[in-house]
Amino acid sequence: MRLRNDKFALSELNEFKFFIKNYPFNIKEDDILEIGSGKGEMISQMALLNPNQRFIAIEKYPTVAKKIMQKIKELNLENLYISCIDASKLSENFIGKTNTIWLTFSDPWPKKRHEKRRLTYKSFLDQYKFLLKDKNSNFYLKTDNDLFFNYSLESLQENNWNLKFVTGDLHNSIYNETNIKTGYEIKWMDKTKINFLIASKGENA
């Protein structure tokens with residue numbers, strides 16, 4: 001369900017300690033970035049479990065990003081930052097390199113005319129390549145949408161990414177033990193299988 005637009009969201013975010021306002025913003029190798037974080041359910045739990053690591057939730061819609069701010073306050077997090085930069089402009093707004101980027105339950109944009117909006121379209125993958133440090137850095141994706149997952153697999157391969165791990169059933173894989181389940185996953189895990197992959201940029205990226 002889409003959130004009703006909150007016209008005060010951006011001004012509230014601008015007053016928040018952990019909202020990134022000044023760019024370019026310097027990221028570090030051990031920072032964890034999540035692109036299209038939505039309400040921040042997964043990244044907030046990751047930040048809670050790893051208090052000595054910095055996390056950056058990138059969500060372009062202020063109304064949605066405000067939900068992340070609320071989670072930060074509720075959990076008393078000191079290591080989760082919010083950015084409302086559009087994912088198509090990451091290379092213009094961030095300097096430095098990271099070893100980890102996540103996409104979690106991204107909008108699949110199923111209609112063909114919306115292909116360029118999918119977060120695994122070539123132009124977005126190029127942005128992630130720019131931010132990832134090297135071929136040992138990891139790009140993680142999990143989704144319950146099979147069509148989006150298959151599209152992402154094809155797009156990654158066509159754009160010179162290496163697939164390190166691929167499964168159509170995350171909860172019955174070797175990565176289930178470390179997987180942080182969102183409320184959606186917990187609610188539907190008996191009925192819906194979660195697709196998951198780990199990729200890295202190719203040698204010539």
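Note: Cβ is positioned from N, Cα and C throughout, glycine not excepted.
Database features, via Swiss-Prot:
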type	residues	note
ACT_SITE	ASP107	active site
BINDING	GLU34, GLU59, ASP86, ASP107	S-adenosyl-L-methionine binding site
BINDING	LYS111, ASP144, THR182, GLY183, TYR184, GLU185	substrate binding site
REGION	113-118	region 'Interaction with RNA'
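Shown here: features listed in Swiss-Prot, placed on the structure.
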residue	record	CB count, 10 Å
GLU34	S-adenosyl-L-methionine binding site	24
GLU59	S-adenosyl-L-methionine binding site	24
ASP86	S-adenosyl-L-methionine binding site	13
ASP107	active site	14
LYS111	substrate binding site	8
ASP144	substrate binding site	18
THR182	substrate binding site	18
GLY183	substrate binding site	10
TYR184	substrate binding site	16
GLU185	substrate binding site	20
Over all pairs in LYS111, ASP144, THR182, GLY183, TYR184, GLU185, the listed substrate binding residues, work out the largest Cα-Cα distance in Å.
-> 27
Between the binding-site residues LYS111, THR182, TYR184, GLU185, which lies closest to GLU34 (S-adenosyl-L-methionine binding site), Cα to Cα?
-> THR182
Folded-back contacts onto the region 'Interaction with RNA' (113-118), same chain, C-beta under 8 angstroms, at least six residues removed | 106-107, 124, 148, 151-152, 155
Work out how many Å separate ASP107 (active site) and GLU59 (S-adenosyl-L-methionine binding site) at their Cα atoms, rounded off.
-> 12
How long is the line from the C-alpha of THR182 (substrate binding site) to the C-alpha of ASP86 (S-adenosyl-L-methionine binding site), rounded to the nearest angstrom?
-> 23
Among GLU34, GLU59, ASP86, ASP107, which the record lists as binding S-adenosyl-L-methionine, how far apart in Å are the two most distant Cα atoms?
-> 14
